[in-house]
Amino acid sequence: MPKLEQFEIKKYWQIFSGLKPVENKVSHDQVLPILYNSKLDSSILNKIWFLADIDDDDNLDFEEFVICMRLIFDMVNKNIDSVPDELPEWLVPGSKAKLIKERQKAKQQENAEIPRQEVPDVDWYISPEDKTYYEKILSTCGPMADGTVTFAELSLALKSKFFNIGVSDMERTWKLINPRDLPSIDRDPAMYFIHCLRQRNDIGTSIPSELPPALAEVCNKQRVEYDLSSKQADLKRLDTKEPTKNDVTKLGDELDRLEHSLENLTTGSTSSTLQGTIKMSKESLNQFKGLLAFMENDLNHPNPDSNANVKYVTDDLDNIDQQVQMLETYLQQKRQELGSLKAEVGST
């Protein structure tokens, strides 16, 4: 922004005099035609007027008028991209310097008195009601052949429901939920994708940079492919022994113990919310049992011509063992919740 030249000041004086100032001042109404002729947005003109009216009397003396005209011409001629928040020192008249400092001090005090609003964090708990709502959204997405959903399908479904989020919010959340950068994600990560963006839209939560450990395991979970011709079936595990019937029996015992714990927890529970989450856990357990039966059949009827079949079962055994451990941890948490609920009921 070039500094004021003498010819500019003369030009501004001619304009100022033509407005017929009263007591060496012009009002906002007198300057209004000049403001409108600039074709600048009203928000820009208001900011220029605020900066120029240093003594805040809704009138401009000649020194203030010079400031107003210079900022308008700089914006019109694109010498500056935006109106500055504060006047540059070379544009501040010497007679107004004290007023400028007082205005800046008052502004700082005003900002200090305004309490800062903390941005809330994402609450990753999905209630049964939330789950039902997210399932309805997912039902509108066109799933892939393997049941997964793409970013394009999810973002298209959410654009018509969440109006306070942009593409950048969706992309950041997608990278968070999909750390392996897969072309599509499973149903569970997709629900957390919707859950995070819903809170961003409704209450302005910040999108975190990383997931909680338990949720990270869900989003990083290796997909189980049942197609023996897939690439996953060809993976080599040099440090893994071939599975035996003892391995399957051991896994079956763990599943039986887990099912027994779930039944005990269900019998003693007094919370409808807890009942809902236990039902979800039972559904997962039934899926594991079905997969166990599938693997037992593979072991009882092996295909001698396919080494991929053996490696496939080995991979799945390791995968299910990890998920059983996660469910046991989950059960322990629910037992603690049940104990708290019983204590509350006993104290009433």
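Just so it is clear, glycine is given a Cβ too, placed from its N, Cα and C backbone atoms.
Note that the structure is a prediction, hence the values are computed from the model and not measured.
Note on the domain 'EH 1' (8-98): its mean pLDDT in the predicted model is 88. If you look up Swiss-Prot, you'll see 8-98 marked as domain 'EH 1'.
Sorting the domain 'EF-hand 1' (40-75) by DSSP state (H, G, I as helix; E, B as strand; all else coil) yields 25 helix, 3 strand, 8 coil. Per Swiss-Prot, domain 'EF-hand 1' is recorded for 40-75.
According to Swiss-Prot, the feature domain 'EH 2' maps to 130-222.
Summarising the annotation, Swiss-Prot assigns coiled coil to 244-345 and lists sequence analysis as the type of evidence.
With DSSP states grouped into helix (H, G, I), strand (E, B) and coil, the domain 'EH 2' (130-222) comes out at 54 helix, 4 strand, 35 coil.
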